[in-house]
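In Swiss-Prot this protein carries:
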DOMAIN    100-258  domain 'CP-type G'
BINDING   148, 149, 150, 151, 200, 201, 202, 203, 204, 205, 206, 207, 208  GTP binding site
BINDING   282, 287, 289, 295  Zn(2+) binding site
């Protein structure tokens, strides 16, 4: 495989901006408990991170993730290559880790499009979709929505209508696994320089869709429990695949929950652009949308132009992001103190 073939096959983009030795460039295609499989110009290689990277890592974001482009050390260790550096990411799907810890988990990096896979055989959970869209817009990638199991939907037109009222022009696809109807529409929107990740709940059909797009069964698929419609986890790790039509696609384990993560204060602006527009029309710039006169938000709620459930969802996500930001700031301050304490102790040793 020459340089052009390697870069084209693994959706290398100019944003990566690497000008070093090409045989030291690799893309992470699989991650399992700090063990990695990389695609290099010379084929697949097992890998680990170098000790210095592990020692200096402050959070999980400092470790490689599926989709990352990495630079290798020149010498390997018993045929295991050593990851020396993670190149800057131009996008990343990030969520807060489950539980009380304020830590980020990278679902996939350097992706151009995110396909949110939703099962059409049950009622559309609008609040969950808003949460997914918020995470995708925050990532720097563009969101797409795929409705799976459309042959089992009781009212597909209603589902599309509801989704469109939230998605505001985001591409929507209908996918039928029994006859693969809709597959060509999806492939037509994945280009050779695209890196696409699929996210969604367990049992939504992500692995089945990837098998269809790859034209071969590379992923195990599972059934859905009839009592609660929850899928069984068939994908246990993240993995990147080449599409025969060009581009790469990343499978991810099903998500029971998606807790948001933020890097700035403008996270909700895309998902709730309608609410942002209303807020801009309020008489007072610091309107709390409570007792103030000439409040466009209150007026829209009263007339029904703004659904109360959507407004409450906006407020809930706003509170969640504010809480995470406060915790992040506290954590950063603690880490900064630890770092300088460590530097001070090292300086004393060197005297």
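Cβ coordinates are placed from backbone N, Cα and C, and glycine is handled just like the others.
Features as recorded by Swiss-Prot, highlighted on the structure.
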residue: 148; record: GTP binding site; contacts (Cβ under 8 Å, 6+ apart): 117, 118, 119, 120, 175, 177, 204, 205, 208, 209
residue: 150; record: GTP binding site; contacts (Cβ under 8 Å, 6+ apart): 120, 156, 174, 175, 176, 181, 182
residue: 282; record: Zn(2+) binding site; contacts (Cβ under 8 Å, 6+ apart): 289, 292, 294, 295, 296, 297
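Residue 206 (GTP binding site) sits 43 Å from residue 287 (Zn(2+) binding site), taking the CA atoms of both as reference points.
In the three-state DSSP scheme, residue 287 (Zn(2+) binding site) is classed as coil.
Cβ neighbours within 10 Å of residue 206 (GTP binding site), excluding its own Cβ and spanning all shown chains: 29. Same-chain residues that are not part of 282, 287, 289, 295 yet have a Cβ within 8 Å of the Cβ center of the Zn(2+) site turn out to be 279, 283, 284, 288, 290, 292, 294, 296, 297, 298. Residue 287 (Zn(2+) binding site) counts 18 other C-beta atoms within 10 Å of its own C-beta, drawing on all protein chains shown. Fewest Cβ neighbours within 10 Å among the binding-site residues 204, 295: this applies to 295.
Between the C-alpha atoms of residue 287 (Zn(2+) binding site) and residue 200 (GTP binding site), the distance comes to 36 Å. DSSP gives residue 295 (Zn(2+) binding site) a coil state; it is part of no helix or strand.
According to DSSP, residue 150 (GTP binding site) sits within a helical segment. In the three-state DSSP classification, residue 200 (GTP binding site) falls within a strand. Maximum intra-site Cα distance, GTP binding residues 148, 149, 150, 151, 200, 201, 202, 203, 204, 205, 206, 207, 208: 19 Å. All protein chains shown were included, and the count of other CB atoms within 10 Å of the CB of residue 202 (GTP binding site) stands at 18. When the binding-site residues 200, 208, 289 are scored by other C-beta atoms within 10 Å, 200 scores highest.
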